[in-house]
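Undergrad: Sharing a structure here in structure tokens format.
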């Protein structure tokens with residue numbers, strides 16, 4: 001238990017440091033110095049036209065932050081994971097996976113950034129409405145296509161070898177009113193000893209994915225219980241609710257940012273307007289503040305969904321034993337803290353702590 005507490009204390013410290021770093025970077029580059037204006041001027045001098053200059057500015061600004069935060073990323077994602085026996089990556093693989101992540105971000109982010117730039121340039125008063133619609137639609141499309149186009153970039157997926165388990169999982173999904181196209185395993189073990197499983201995608205891309213680490217560790221009944229929990233999110237309409245709540249969150253956040261920038265008198269700080277590339281770090285700064293303030297509310301709703309999905313799984317399985325044992329195994333493999341500090345759980349936990357989930361399944365808590 002002491003090693004688990006130590007691991008999570010260091011992870012929390014890394015998360016806090018990372019949050020402070022990105023907030024300070026956004027504030028400093030936009031208001032604390034002339035850095036964003038210098039970078040915007042440099043971009044305009046070598047890129048012909050507003051949109052290429054905007055894209056170049058964003059690429060350089062985010063690239064600089066990536067370099068600044070690289071030591072923290074390496075410590076948290078590589079050194080710390082190895083220190084506690086969780087990671088199986090070599091330095092080369094860690095670098096390679098990050099480079100792939102950057103490439104995916106660039107391919108996806110560049111068109112999105114250009115669309116955002118178009119919104120703020122042509123609709124200076126209502127840019128938040130169009131941008132909100134853009135990001136909302138993008139989130140839905142990404143959820144549908146990620147299992148097919150993005151996940152395979154990082155992991156190898158193959159049909160589940162245990163056909164009896166596959167048929168049982170598909171039958172359980174049908175009984176819950178959820179159509180599943182495929183059941184895949186993926187090689188998470190190349191990176192970590194942690195385990196995971198999910199019901200990913202939407203519509204025709206919906207599929208069950210199970211890590212090889214989980215398949216090697218759990219019984220078929222425990223795996224079935226894990227997937228029953230995932231089906232609970234669909235059976236209880238958590239996916240639709242999450243999409244709608246996500247849309248509200250996006251529009252509310254962008255509206256709040258638009259008002260904050262207006263009240264902040266953006267012109268008084270040397271920016272040509274909200275469409276000025278140099279003003280983007282200020283937009284990012286207010287978005288970060290909004291996110292930090294509303295993180296507890298988002299996580300509270302997520303914990304409610306997770307708890308109800310546990311009870312849904314218990315109901316369709318007719319018992320809680322297999323789900324409880326799977327939670328314990330997942331907790332051990334992922335070094336989950338079964339009893340985190342209440343403040344930490346309240347602010348940052350998207351799932352209830354393990355002990356509370358188990359107690360609820362046994363009926364010890366409401």
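Keep in mind that glycine also has a Cβ here, set from the backbone N, Cα and C atoms.
In TrEMBL, annotation is done automatically, which means it is predicted and not curated.
Quick paste from TrEMBL:
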type	residues	note
DOMAIN	7-156	domain 'CAAX prenyl protease 1 N-terminal'
TRANSMEM	12-31	transmembrane segment
TRANSMEM	51-80	transmembrane segment
TRANSMEM	101-123	transmembrane segment
TRANSMEM	129-155	transmembrane segment
DOMAIN	159-361	domain 'Peptidase M48'
BINDING	229, 233, 306	Zn(2+) binding site
ACT_SITE	230	active site
TRANSMEM	243-266	transmembrane segment
TRANSMEM	278-297	transmembrane segment
ACT_SITE	310	active site, proton donor
Undergrad: Tell me if the transmembrane segment (278-297) touches the transmembrane segment (51-80). I count contact as 3 or more CB pairs below 8 A, with pairs 6 or more residues apart.
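TA: Output yes: the transmembrane segment (51-80) sits against the transmembrane segment (278-297).
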Undergrad: Using an 8 Å cut-off from the Cβ centroid of 229, 233, 306, can you name the remaining same-chain residues around the Zn(2+) site, in sequence order?
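TA: Close Cβ neighbours, site residues excluded: 230, 232, 238, 305, 308, 309, 310, 312, 313.
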Undergrad: Count the residues of the domain 'CAAX prenyl protease 1 N-terminal' (7-156) that DSSP assigns to helix (H, G, I), to strand (E, B) and to coil, and report the three numbers in that order.
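TA: Residue counts in helix, strand and coil order: 132 helix, 1 strand, 17 coil.
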Undergrad: At a Cβ cut-off of 8 Å, and with pairs 6 or more apart in sequence only, do we get at least 3 pairs between the transmembrane segment (12-31) and the transmembrane segment (243-266), yes or no?
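TA: Contact criterion not met.
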Undergrad: Could you list the residues of the same chain, at least six apart in sequence, whose Cβ is under 8 A from the Cβ of residue 310 (active site, proton donor)?
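TA: Non-local contacts for residue 310 (active site, proton donor): 229, 232, 323, 357, 360, 361.
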Undergrad: For residue 230 (active site), which residues of its chain lie six or more apart in sequence with Cβ-Cβ distance below 8 Å?
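TA: Sequence-distant Cβ neighbours: 197, 198, 199, 208, 309.
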Undergrad: Residues of the same chain, at least six outside the transmembrane segment (278-297), with any C-beta under 8 angstroms of its C-beta?
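TA: Contacts of the transmembrane segment (278-297) (Cβ under 8 Å, skipping residues fewer than 6 from its ends): 19, 22-23, 25-27, 29-31, 36-37, 39-40, 57-58, 61, 249, 252-254, 256-257, 260-261, 264, 266, 269-272, 346-348.
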